[in-house]
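Colleague: Below is the structure I would like to discuss, written out as structure tokens.
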Amino acid sequence: MNDREPNQKESKESVNDAVPRARKVDDQQLRVSKIRDGTVIDHLTAGEALNVLAILGIDGSSGEGVSVGMNVISDRLGRKDIVKVEDRELSQSEVDVLAVIAPEATINIIRDYAVVDKKRIERPTAVTGLLFCPNRNCITNANEPINTRFIVLDEGLQCDYCGSIVRESEVPTYLDVA
């Protein structure tokens, strides 16, 4: 009879028959498509891609296309995240922020589908003007024309003026990126 409702098994089979099957993704195939021009931020710690986008203020509202691959298999890291931002190259201050929050990252500049510049970010010894000091009494928080300066430590950053510590997990809270 045609008036009866199909059972779940029949329903799945008919849906599967109607939808073209996707090609199997093998180890050599890209999971995220190539971009013509822009920046690829590779080798991010797994689970950090969305934090990196938020910290850098990249949300696609400026018109750039943004692709994110999360928890992708990596020979070097085991698992990693990757971010592709079309039609935009990171400024030096954005690269400096990345160096603090994602020191293992690699930045690739893409032009006409080719990598024209590839650099591995290295953690700096100090950063200037990127963070607010958490100490309200620090000279950098007064109405003085002084840029903050933090010494980069293994566990975070230390204010060069008052000695306050910003732990690595707290860095996003104190970022001062325009």
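Here the Cβ of each residue, glycine as well, is placed from N, Cα and C on the backbone.
What Swiss-Prot records for this protein is below:
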type     : residues                       : note
BINDING  : Cys133, Cys138, Cys159, Cys162 : Zn(2+) binding site
COMPBIAS : 1-15                           : compositional bias 'Basic and acidic residues'
REGION   : 1-23                           : region 'Disordered'
Colleague: I want to check the contact list for Cys138 (Zn(2+) binding site): same chain, sequence separation of six or more, C-beta distance under 8 angstroms. What comes out?
Modeller: Thr148, Cys159, Tyr161, Cys162, Ser164
Colleague: Provide the three-state secondary structure of Cys159 (Zn(2+) binding site) computed with DSSP.
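Modeller: Note: Cys159 (Zn(2+) binding site) is in a strand by DSSP.
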Colleague: Out of Cys159, Cys162, which has the highest number of nearby Cβ atoms, where nearby means within 10 Å of its Cβ, if these are the binding-site residues?
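Modeller: That would be Cys159, with the highest Cβ count within 10 Å.
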Colleague: Tally every other Cβ atom lying within 10 Å of the Cβ atom of Cys133 (Zn(2+) binding site).
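Modeller: Total other Cβ atoms inside 10 Å, all chains included: 24.
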Colleague: Taking 8 Å from the centroid of the Cβ atoms of Cys133, Cys138, Cys159, Cys162 as the cut-off, which other residues in that chain fall inside it around the Zn(2+) site?
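Modeller: Not counting the recorded site residues, we get Pro134, Asn135, Asn137, Ile139, Thr140, Asn141, Thr148, Asp160, Tyr161, Gly163, Ser164.
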